[in-house]
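Report on the following structure.
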Amino acid sequence: MIISASTDYRAAAQRKLPPFLFHYIDGGAYAEYTLRRNVEDLSAIALRQRVLKNMSELSLETRLFDETLAMPVALAPVGLTGMYARRGEVQAARAAAAKGVPFTLSTVSVCPIEEVAPAIDRPMWFQLYVLKDRGFMRNALERAKAAGVTTLVFTVDMPVPGARYRDAHSGMSGPYAAPRRILQAMTHPAWAWDVGLLGKPHDLGNISAYRGNPTGLEDYIGWLGANFDPSIAWKDLEWIREFWDGPMVIKGILDPEDARDAVKFGADGIVVSNHGGRQLDGVLSSARALPAIADAVKGELAILADSGIRTGLDVVRMIALGADSVLLGRAFVYALAAAGEAGVRNLLELIEKEMRVAMVLTGAKSIGEISADSLVRELGA
């Protein structure tokens, strides 16, 4: 299959993956309205073309949390990444490091912190959920510190699991899920050999290290579901702010009031996010939520955004709407599934090229020059 655009990797991933894995990363919650709106709302935003601006010198570099990024992009935390390619978290982290952007390791990764951090030569970020098992949270934070993790991404939009109906149809969950997954793997021999066999162990490394025994897919669903904490409030995060002395980012903000609360709490950044449409269907897309949040807290902390970003044009749109940087989730997992580390490297190159074209043709010579003026004000607005 020819890969000429960043969006080509989705079809390539679908060909290679067993359906339960493809639909797990591709799907959203309930009827998936928010999942679709994330992409549609963002792609509908018109960029303002400018010409004859002498764009011979162009820089995508940006500073974020005392790090220099080659472009305002980081790889988002995605659970089970190691099921999409052999030791997938390591491959994705290497690709990000080679490009000069951060990789964020998920709490529920296949590869543990201690395997991923030594594989790269730049600081890594780590994502943590709010869980009832505070002992696990403290253990994960201590291990992240010991591994040299610089930035903590704290996910707060999962006090309860979202209803992901597609998973029951695909075999990720639901009746006879385990035998259905085995049958699907048998019909995808390339994945079964490369990941299913050579990619072992498939337990969730960060959780297994704490529990002292392998935590596989079935255990993961049960353990994580039992540990979500709907009682969580800002005061429950104070011990983490005291324990973690590096940058702390709150992920899952969609409302300006919550963004203001994050400032009061002392967060270093927020991620405007609806969890990729995987939690509450019917909420605002990140693109629609971002401008009001930027108006409320811009300059008081770093604003990142995710959900719906598929191309370099989308990155430019999010920056113009008020983000300082973005997180790529599904986009990099598609590339990883299709072509491993090389696929993620190529994806990031394509994202950069698309950003450069957009910046040249909107007259923005640096990331700092991308603003609301880079967008077309709709008639009647």
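Note: Cβ is positioned from N, Cα and C throughout, glycine not excepted.
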Identity of the substrate-site residue among Y24, Y33 (reference: Y129, R164, R278, source: Swiss-Prot): Y24
Position of peak Cβ density within 10 Å, selected from the binding-site residues R164, R278: R278
Rounded distance in angstrom between the Cα atoms of D314 (FMN binding site) and R164 (substrate binding site): 25
Binding residues Y24, Y129, R164, R278 (substrate) - maximum C-alpha distance in whole Å: 19
Within 10 angstroms of S106 (FMN binding site), Cα basis - recorded positions out of Y24, Y129, R164, H275, R278: Y129
